[in-house]
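A.B. asks: Here it is, the structure in full.
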């Protein structure tokens, strides 16, 4: 579904829209969007894959002694940032993959990694891995000096009628900006938590959707600042409020048709869908390390706030990890509900696709779907059904990741080593940190 854009079209845009700078975007191993901005006079070098940068200071990239890297722009990602004006000069943006100086794809680049797993999918006869993200975020008020706070922008709740506060106005402008950038926005509404929002955009192939998520986050944060608000995609920014989730909708295409659909199957699911689902469930604990990659992620994965805690699946029931939404042939999909928006989208989709394809190869069907509320079951009832919990801490998720050869095989050795080093360091720093809760509870011992 992604459109094809030529060099000629980009050059025409540059001329007609008075583009003065080019922003070259790429993503580090943590999922953080990075940018190199160059004057438009460098357009020939940019389009000729000649833009170099120092990768030694980027998390998960290279050491100082081998720091030179090259940015290869994906022309299909070209856009002109909607908040820049022709009169003052606009900024063009291209998403890039990272290459070594000899022209080979850099194995530590998360985007290159996803392309490699997609190639494996194509070798199995599938044409597309279609993804739809539902990323939630909070809007917080700025402090007097522009500092970040955790004071929510409003006290509304799920689907509440938008009041004319700054949060509602901000959300509307985010939607308008996304549409100017070519997004097909399908819905925008207030979420469960105070100050919490959700904006859903149309699904696309995996690479395009991962690129769009990074653009989406940039737009949300940029527009929020105009309203003196801070946008946060942190999994659990406020104790006692719902956390930010990122439901991840997945389907495979084959010969232009949805390979997950079978009108005679249970919930209209094909054998391909069921075996893919089994791959996700069997490797769920390891996938969690990339789907919920921060210490804070596990403050969201607790009973009582709708986020799933148990490895299971269902149709209408929203308590399991994977749900099958009621949909037509085109919309038949798996909805993974455990993910949060701190996940690196390229690594997340690499892990999910690899696990699902492995499930298809193995041909095993998943456990029976769960019809009861998992949170109301006893431990014995869940055990009898073979339902296991997701990891409860980043430490447990790291352990599961290390032990899962299938999920590790979704990534280059460079990414596995770099990711584990970063996550183990993060956990070690957390265990050494003394929280306000601890001080209040134990200070007078």
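Heads up, residue numbers simply count up from 1 along the chain you see.
Backbone N, Cα and C atoms are what each Cβ position is placed from, and that goes for glycine too.
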A.B. asks: Where Swiss-Prot shows 191, 198 binding Mg(2+) 2, which of 136, 142, 147, 148 is named for the same site?
C.D. replies: 136
A.B. asks: Where Swiss-Prot shows 243, 300, 306, 318 binding L-glutamate, which of 225, 285, 337 is named for the same site?
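C.D. replies: Candidate listed by Swiss-Prot for the same site: 337.
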A.B. asks: Report the candidate from 37, 335, 362 that shares the Mg(2+) 1 site with 134, 247, as recorded in Swiss-Prot.
C.D. replies: 335
A.B. asks: What three-state secondary structure does DSSP assign to residue 300 (L-glutamate binding site)?
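C.D. replies: DSSP assigns residue 300 (L-glutamate binding site) to helix.
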A.B. asks: Hey, does DSSP put residue 318 (ATP binding site) in a helix, a strand, or just coil?
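C.D. replies: In three-state terms, residue 318 (ATP binding site) counts as coil.
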A.B. asks: Expressed to the nearest Å, what is the distance separating residue 243 (L-glutamate binding site) and residue 136 (Mg(2+) 2 binding site) at their Cα atoms?
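C.D. replies: Computed Cα spacing between residue 243 (L-glutamate binding site) and residue 136 (Mg(2+) 2 binding site) is 8 Å.
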A.B. asks: Go through the binding-site residues 136, 198, 251, 300, 306, 323 and tell me which ones have a CA within 10 A of the CA of residue 335 (Mg(2+) 1 binding site).
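C.D. replies: Cα within 10 Å of residue 335 (Mg(2+) 1 binding site): 251, 323.
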